[in-house]
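Trainee: Structure incoming, see below.
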Amino acid sequence: MSDLIQNVKTSFEQVLGYAPSHIIQAPGRVNLIGEHTDYNDGFVLPCAINYQTVVAAAKREDNLVRVVSVDYGNAVDEFDITQEITFQQDKMWANYIRGVVKCLLARGYQFSGADISVSGNVPQGAGLSSSAALEVVIGQTFKVLFNLEISQAEIALNGQQAENEFVGCNCGIMDQMISAEGRENHAMLLDCRSLETEAVSMPEDMAVVIINSNKKRGLVDSEYNTRREQCEEAARIFGVKALRDVTIEQFNEKVSELDEMVAKRARHVITENDRTVEAAQALRAHDMKRMGELMAESHASMRDDFEITVKEIDTLVEMVKEVIGEQGGVRMTGGGFGGCIVAIVPPALVDEVKATVEAKYQAATGLKESIYVCQAKNGAGLVEVL
């Protein structure tokens, strides 16, 4: 993170002409288990990672917000918080920031303007929530600068609202919530219905290894929407608000009445919810053998029932599983049709996992992977006062 801090400080001073007063960060995240459960009112188990979005900031006495984006060549966006805050077609990055500020104002928070320089190293397009980290770090920045009475959960909800309503992208609450509330050496069990969170301790030295297949994700939006509709149809047939409310026993009694495809989709969600709750118990007990079994079952369910994995992802999972055996777990993470796998790996095996994948994956698929070795880290907060 030290490079990021240096970059935002330097760009702040160069572009805005004086020194910032505060450094604030918010992390990206990876979901260890609980896939496609969020919009079914279910459970997820993400952790925050040591890839962050970092801000250098200072408050202004007037109503102007000026933002410098280090990652877009020190491009500047400027707006007045007393005027209508509008969507910028030609500056997509700026809309996340504008949306967060607009939503904070709509929620009744009072503050003046600010100068902000922002940079991040959360890989974009890898499904590690670079956009949520940006939304959360901006909310956190206004909290810090103006001592706002806002909870971490509300910073997360405000970021989700900005993405849904201002940016115009539908997302659940998981990404913002873990970025806002993460804890070092812990995952977070999130109930997507009640928004209750529970910190779940992880074995301290465990590495969280994320491997991007770099398989271009085709069809992902249309297939995602289809899966969502199939889940909603199943919930209607069971007469419940969401599949969260269906037990596997109820499912088995009624399975013959369901369309075969809808049945497979519903079975994934129902069993995945149970797995996620059990995974939190296994992780807390530091039972990596059971955690590994649950992650393997999750992957098989995504592959066979939800049908969202691809050959490249299945290949990566098998390669990693051969190395870690019962000492950790591995599965696809994210929306599917490409993207990343996540593995919980004992430190002694990290190099072997990397070496195996580097030696075999490209030969098997023709694609070159990207490997990120992470730890579970703290959520958003103040890094330093300058």
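Placement of Cβ uses the backbone N, Cα and C atoms for every residue, glycine included.
According to Swiss-Prot, the active site, proton acceptor annotation covers Asp175. The annotation substrate binding site is assigned in Swiss-Prot to Glu35, His36, Thr37, Asp38, Tyr224 on the grounds of sequence analysis. The feature ATP binding site is assigned by Swiss-Prot to Ser69, Gly125, Ala126, Gly127, Leu128, Ser129, Ser130, Ser131. What Swiss-Prot lists as Mg(2+) binding site is Ser131, Glu163. Annotation comment: Swiss-Prot describes Arg29 as site 'Transition state stabilizer', evidence class sequence analysis.
Could you tell me the structural context for the features on the list?
Mentor: Under the three-state DSSP scheme, Asp175 (active site, proton acceptor) falls in the helix class.
DSSP assigns Tyr224 (substrate binding site) to a helical segment in the three-state reduction. Long-range neighbours of Tyr224 (substrate binding site) (same chain, six or more residues apart, CB within less than 8 Å of its CB): Gly335, Gly336.
Within its own chain, Ser130 (ATP binding site) has Gly28, Thr53, Gly120, Val122, Pro123, Gln124 as residues 6 or more apart in sequence whose C-beta sits under 8 angstroms from its own.
In sequence order, Tyr96, Glu163, Val167, Cys169, Asp175 are the residues of the chain that are 6 or more apart from Ser131 (ATP binding site) and have a CB within less than 8 Å of its CB.
Taking Cβ-Cβ distances under 8 Å and a sequence gap of 6 or more within the same chain, the neighbours of Arg29 (site 'Transition state stabilizer') are Pro46, Cys47, Ala48, Ile49, Leu128, Ser129, Ala132, Ala133, Met174, Asp175, Ile178, Ser179, Gly182.
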Trainee: Please report the distance from the Cα of Gly125 (ATP binding site) to the Cα of Glu35 (substrate binding site), rounded to the nearest angstrom.
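Mentor: Cα-Cα, rounded: 18 Å.
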Trainee: Can you give me the Cα-Cα distance between Asp38 (substrate binding site) and Gly127 (ATP binding site) in Å, rounded to a whole number?
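Mentor: Distance (Cα to Cα, whole Å): 15 Å.
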Trainee: Within 10 Å of each Cβ, count the other Cβ atoms and name the one among the binding-site residues Ala126, Leu128 with the highest count.
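Mentor: The most densely surrounded of these binding-site residues is Leu128.
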Trainee: Specify the secondary structure state of Gly125 (ATP binding site) as given by DSSP, simplified to three classes.
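Mentor: It is coil.
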Trainee: If you measure from the Cα of Thr37 (substrate binding site), which of the binding-site residues Ser69, Ala126, Gly127 is the nearest?
Mentor: Gly127
Trainee: Assuming the binding residues for ATP are exactly those in the record, Ser69, Gly125, Ala126, Gly127, Leu128, Ser129, Ser130, Ser131, what is the maximum CA-CA distance in angstrom, rounded?
Mentor: 21
